[in-house]
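Here the structure is laid out as structure tokens; the discussion comes afterwards.
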Amino acid sequence: MAAATGARIGVVTFPGTLDDRDAARAVRLAGAEAVALWHADDDLQGVDAVVLPGGFSYGDYLRAGAIARFAPMMDKIVDAAHGGLPVLGICNGFQLLTESHLLPGSMIKNNHLHFICREQVLTVENASTVWTNEYAAGERITIPLKNQDGQYVADERTLDELEGEGRVAFRYEGVNPNGSRRGIAGITNARGNVVGLMPHPEHAVEAGFGPDSEHGAKAGTDGLRFFTSVIASLVHA
Amino acid sequence: MGRVVVDVMPKPEILDPQGKAVVGALPRLGFTQFTSVRQGKRFELEVEGPVTPEILAAAQQAAETLLSNPVIEDVVRVADAS
Amino acid sequence: MTAPKPTLDTVENAAATPDEEQPFASLGLKPDEYQRIKDILGRRPTAAELAMYSVMWSEHCSYKSSKIHLSKFGAKTTDEMKKHLLVGIGENAGVVEIGDGWAVTFKVESHNHPSFVEPYQGAATGVGGIVRDIISMGARPVAVMDQLRFGDVEHPDTARVVHGVVSGVGGYGNSLGLPNIGGELVFDASYQGNPLVNALCLGVLRHEDIHLANASGVGNKVVLFGARTGGDGIGGASILASETFEDGVPAKRPSVQVGDPFMEKVLIECCLELYAAEVVEGIQDLGAAGISCATSELASNGDGGMHVWLDDVLLRDPTLNAGEILMSESQERMMAVVTPAKLEQFLAITKKWDVETAVIGEVNDSGRLTIDHHGQRIVDVDPRTVAHEGPVYDRPYARPAWQDGLNADTTVAAGLARPATGDELRAAALAVLGSPNHSSKAWVTNQYDRFVQGNTALAQPDDSGVVRVDESTNLGVALSTDANGRYAKLDPRTGAQLALAEAYRNVATTGARPLAITDCLNFGSPEDPDSMWQLVEAIEGLADGCFELGTPVTGGNVSLYNGTGEPGQIDSSIHPTPVVGVLGVIDDVTRATASGWRTEGQTIFLLGTTRAELDGSAWADVVHRHLGGVPPRLDLAAEKALADVLVNASRDELVDAAHDLSEGGLVQALLESCLRYGVGARVSIAGLVERDGVTEFEALFSESVARAVVSVPRGEEQRLVDACVARGVPLLKLGETGAVVGDEPALVVDGLFEVPLAEAREVFEGALPAIFG
């Protein structure tokens, strides 16, 4: 399908990935072409950005993202991210980014030990990354959260650094649903091209199938601007 | 302060999806020596004083009733690790 | 690992040693069943054959006690009812066409006994099993639901089972990327020691994608792929081992099956790629009875012959003997029939997904299923005698001696104190709202992913789950399941029909047109005439009900022996629990009717007639712990008329919200409708009391069928009135959405009581977390 913007965004599938088709739909709804990337390949097919979607790669049996990080495709993505390629890691994708050391810290089991699925309010704290530039700093958005290992942890020095450098991209608002340190829901690298978060923006892109919002039941589309943000930054680049 | 270590493993005849996922990943990283992996749990129980035989017996009992699920897991070690 | 050298019980050996004693009784076979096997074969069975027959002739696999009664479903299905059915009863799951070339397949199945032994794995593998049924039809699984029944919340063992089962359903379903769109959660002492864990899966496919379980085409390869075969679920078969192995073996065999959801997720994607590449001739999932079931069913549904080399089965445990390999219930396995020309392509796809695959056999036209192990023939049977021609029993059944006494013990006869004043009615309403069975299920459903796949339009706590099938048109389906074991205990025939009626009503409430049925019949021992009577009554009732509503049963499952007591007592078994699932079609899922008020100032109407029906009710249970009398009167004609109004009103946008009335009656429905989006309501029941000749208490708490509350946008009232009048559905204006007490939204029942929604919410949402943490 030819996309209006001409942007091509890769969505990677690992064994056990669950939200790849959702992420591809979000990319399309935002106006870009979704390019399916397979973990075992090592060709990025010239994509302009990459989404690492949610799921349970390799069952999350060792640690979330721990086995998937060694996929040939991940080698390419890590290299390209160092060169400035926009990369968004959602949930398992965020865990993968920390296992790959593109982002600091790690995720452990939720503090209440249950899987949790809820419509979560977040504050956008950094609206200058390539994935958040269409939000306003301080804006509150509602997107679904669903995970088992979502408690963000890092040592105090790392947390201070993240705060000091404005690299906390999203913070949980109201409820801290999993015990994450300092309520951190998502972070960015210093350059602002690599962003990871636990909640799922790709589940809040289409009225009728998203979270409830002031526009009506299931009407929330607050997640769409992740994808329009990166398209905008690609077009302006 | 004393410490008791308890190791719990999935029963040999029970499927261990965790170990299976790891053994599948190892050769991809060049570790071709390992033919089987099983993933278990280690608990560290601390006590105020030294680890006495009574403490070990209590730890054994705790391991069999709470720390392991006897339907699918075995307690393979209860040891003084002080 | 070195296994002792097996001494095989070959076909030749069996023929030569006709008098060798065999442990048929320990494998669950009756003497006459064993004799029948000998008659069929003309010799004694080999150990491996005995293993196959024993599992395939078990109640679980052969339906031997229920078969003659289940045939009534088919007999009551007319050609008109079949017109949307692409595949009916008898396959892994039924397939229903829903328009535009789309079809859906759905089925509910039980995993009750394993879930008591090991709740997490029992529930997890229950989800895994039903999902594989759906994959094997050629469909992509798109949603799951779970119907859970546990013992009394006060009992010390209940929490163990609840935590394990809920984590297991979630742990498996969430890892597969299947949204959980609803289900049931019931606590009742009758399920103590015998919880019910039923799981439903919905799949979507194009008409041309339907796959069936048959092995046709002489020379085609039989391929086993997925997880390796281990000793899972064959505890009972170990006794065979002592006969076929020399000293010191076997290792202890686990009776618990462990699930690997990651393997299953990979298997789903792998199968869909195999279907898309058109390299699969026939396919069968491996569930109960494992390879025994898959080979015998594939062979007898196809050209009738198959040969299997058992040594080629990939094993997790090399010490397994032939009988154990044949009986193993290791999870996450599939068996496909592939033409030699496409085998290479098939293997390339399974390799891409890292799915281990072995060619273990070949289709032939011998009419026999033959199996070799270590180069010797150990099975030589007519596959039909294994798969389809097992014993069939017409078990004795009779109305239980205690039934009349139970029916005579009505809420009136028992003299149960009824609330009368506003304060008393308010207290009773909040007691029901905060009881474990009628409070918010969010503690459970928040542990399930309802967003994945991006097609969920409605999910719990809405009346039905609604999912989109076609992204370009928003065509989709609604699904609801129901069973009220209390009603079914009072009257199993009516109880089954009431379950059907409520699920049907729930589907219609969202605006979907009900189309097809699946059921999971959970009952006590068929060898207890009391339980058998309940089963027969329920099946006949359900078959009649489906006929009257014009919605066919497409498939399902029977689970018997759910009981721990001595036969003949009133509490020998669980409450008879016929879970009925209704599937409906909706043209545009984004226009599905919401289950609660969203806008203030809309008119609230009550549709249907209220009678004084409190026996078996939520009020009697919660307030008085009483069960006796007769259930509400069934009225399927009224259900059809109500459904017609609701479906058309949804399409024509005459209703903004609709919620069915069921357990807890009108007041529970009003409270839930308020709490869904936090919008209050002011109602008066004076008109209802007068029109239907009931007391205020009966008006609020009666559980009469064929009723719903709706909220109607300003200006549409007359059109709804006309629609109801045209179809003979009684309609009464109750009030208006949007009441506020102080600054707080509230439910105000004029002249009786008011409940601030904040207070109601605390009661409603706090109940389960307070019990289970």
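Any Cβ shown, glycine's included, is placed from N, Cα and C.
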Of C:S480, C:S525, C:S531, C:S559, the one that TrEMBL places in the same substrate site as C:S110, C:H111, C:N112, C:H113, C:R132, C:Q257, C:E329, C:S330, C:Q331 is C:S559
Cross-ref TrEMBL: ATP site C:Y63, C:D519, C:G556; candidate in list C:K30, C:K107, C:K441 matching that site is C:K107
Across all protein chains shown, the binding-site residues C:S110, C:N112 give the max Cβ-within-10 Å count at C:S110
Under 8 Å Cβ-Cβ from the domain 'Phosphoribosylformylglycinamidine synthase linker' (C:25-64), and at least six residues away from its ends along the same chain, one finds 9-11, 13-15, 17-18, 70, 236-237, 239-240, 243-244, 288-290, 292-293, 296, 321-324, 326-327, 371, 373, 378-382, 385-387, 390-393, 526, 558, 560-561
C:D285 (Mg(2+) 2 binding site) falls, by DSSP collapsed to helix, strand or coil, into strand
Of the binding-site residues C:Y63, C:N112, C:E329, C:D519, C:N557, the one whose Cα sits nearest to the Cα of C:D133 (Mg(2+) 2 binding site) is C:N557
Spacing of the two Cα atoms, C:Q331 (substrate binding site) and C:D285 (Mg(2+) 2 binding site), in whole angstrom, works out to 10
Not counting C:Y63, C:K107, C:D519, C:G556, residues with a CB within 8 A of the CB centroid of the ATP site are C:I89, C:V108, C:E109, C:T518, C:C520, C:L521, C:V553, C:G555, C:N557, C:V558
In chain order, residues whose C-beta lies under 8 angstroms from the C-beta of C:E329 (substrate binding site), counting only those at least six residues away in the same chain, are C:D232, C:G233, C:I234, C:Q257, C:L286, C:G287, C:A288, C:A289, C:G290
Long-range Cβ list for C:D519 (ATP binding site), cut-off under 8 Å, min separation 6+ in sequence, same chain only, gives C:V108, C:L542, C:V553, C:G556, C:N557, C:P578, C:V579, C:V580, C:G581
Fewest C-beta neighbours within 10 angstroms among the binding-site residues C:Q331, C:N557 belongs to C:N557
